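Structure, as structure tokens:
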Amino acid sequence: MNADKSLNLKNNDKNNINKLYFFGMLMWMIASIFYGLDYLQHTIPSVLIEPIAKQIGVSYIDVANIMSIYFPVYAISQIPAGYLIDRFGLKITLFAACLVVTIGLFMMLAPYLSAILIGRVFIGIGSAFAFIGALKTASIWLPENRFSLFLGITQMIGVIGGLLGQTLITYLIKIDGWQGAIHYIFIFGLTWSFIILFFLKNNKKVKVKLSENKKNQSIKFLIVLLKDKNIWLLALYAGIIVGTIMSTFAELYDIIFLTDSFNITKTDAAYISSFIFIGVGIGAPLHGILINYFKSQKTYLILNGFLALIVFACVPLSALLSLNTFLLPGIFFILGFFTVSMLITFSIAKSTHEEEHHGIIFAFINTIIGLSGFIFPILFGAIIKFILNHFQTNNQFIPTLFLLLIPIIAALLVATQIKIKNNIIS
């Protein structure tokens, strides 16, 4: 009789755990789809610059310059976003953020550059909450040993949003014009804002902790965070890897490098380039699984960083040796796969402090990544100009890409100094 009772209790406990896990996944999915919307809006400017310029009667360069205000606004909004998420919880902050992004998108319909500028500022501020909001949701609602996996799946959702975004916008423009396309996205964003408001829940455990602390607790913790050498090392590693390989090469110069180096069309170059992002999308969740087979997160991080370095070196080497372009999609895919392993820095950082501070920790790392994405492209462009002005070369990208290996090597040296708290895999 007692054995039957004990068995029933175990079954009930198992059912409760499964229900809680399912509920946590639902909470994370609500936040992650907002991140997908954020990634989708990254692709909008490339499609809308020309029609907006024609409507307003200005050059496409003027519109492009206005659109670019998004990036510095996004970077400097990260830490305030993390503070607000930690201070006020997920529901109200992500609702407001999604609504602000949606309003910013709608303002792109205005026939004035000033209104579009304000809209892009709104989008930059609201988007700052998307990724760290999704990570915070995963950190408080899902099991510790599943965080890396859902971190990767979150990134995959973002990549899917980016890959499909431009195709979707182009299709909607064909159906109902560019204004109609923005209307459709506005309706979706508005709908999702209220889904967040009505269905996303704050974890009561974290809410109680916040209510018992002083109002300036998160500000005090930010000071502690800025003195944390380990967090700085994690942020620098992630920032350098993303800033060099992704922000500089994959998002700016890869297509022009491919067309100049291999004498192929832009269409073929874009096809090859897409394999980096496919590698990122597939690699992100797989790293969350594979890391569980390693005793040390630090070893896993350094190993993947080293492999990313080797594969990235193959990019200019392939042009130098005039390799067959048939090999390039595979090289680009593997490069994206190993590069996205930098997401493990968020898992390591998460294990170093209590969960009520995770929002601001994620925000700090994302700030450094954002700033690196701003600095390295400028540095890369300056090196290209220097080479063109002082050396005679048929391809300025080959020596510049080889020089870009130096900061990646520096990032690996930085990673060797990272300390893991109890070597926890989470």
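All residue numbers here begin at 1 and follow the chain in the order shown.
Quick reminder: no glycine exception, Cβ is built from N, Cα and C everywhere.
Record features, source TrEMBL:
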DOMAIN    24-419  domain 'Major facilitator superfamily (MFS) profile'
TRANSMEM  20-37  transmembrane segment
TRANSMEM  57-76  transmembrane segment
TRANSMEM  88-109  transmembrane segment
TRANSMEM  115-135  transmembrane segment
TRANSMEM  147-169  transmembrane segment
TRANSMEM  181-200  transmembrane segment
TRANSMEM  231-250  transmembrane segment
TRANSMEM  270-294  transmembrane segment
TRANSMEM  301-320  transmembrane segment
TRANSMEM  326-348  transmembrane segment
TRANSMEM  360-384  transmembrane segment
TRANSMEM  396-415  transmembrane segment
Is the transmembrane segment (270-294) packed against any residues at least 6 beyond its ends, judged by a Cβ distance under 8 Å, and which are they?
-> 145, 147-156, 159-160, 162-163, 246, 250, 254-255, 258, 264, 300, 304, 325, 328-330, 332-341, 343-344, 347, 425
Seg_contact(the transmembrane segment (360-384), the transmembrane segment (181-200)) with at least 3 CB pairs under 8 angstroms, min sep 6 = no
Are there three or more C-beta pairs under 8 angstroms joining the transmembrane segment (57-76) and the transmembrane segment (88-109), sequence spacing 6 or more?
-> no
Grab the same-chain neighbours of the transmembrane segment (301-320) for me: Cβ-Cβ under 8 Å, and only residues 6 or more beyond its ends, written as numbers and ranges.
-> 237, 241, 244-245, 249, 257, 261-262, 287, 327-328, 331, 334-335, 338-339, 341-342, 344-345, 348, 395, 397-399, 401-402, 404-405, 408-409, 411-412, 415-416, 418
Note: vs the transmembrane segment (181-200), the recorded stretch with the largest number of Cβ pairs under 8 Å from 20-37, 115-135, 231-250, 326-348, 396-415 is 20-37
Can you check how the pLDDT averages out over the domain 'Major facilitator superfamily (MFS) profile' (24-419)?
-> 88
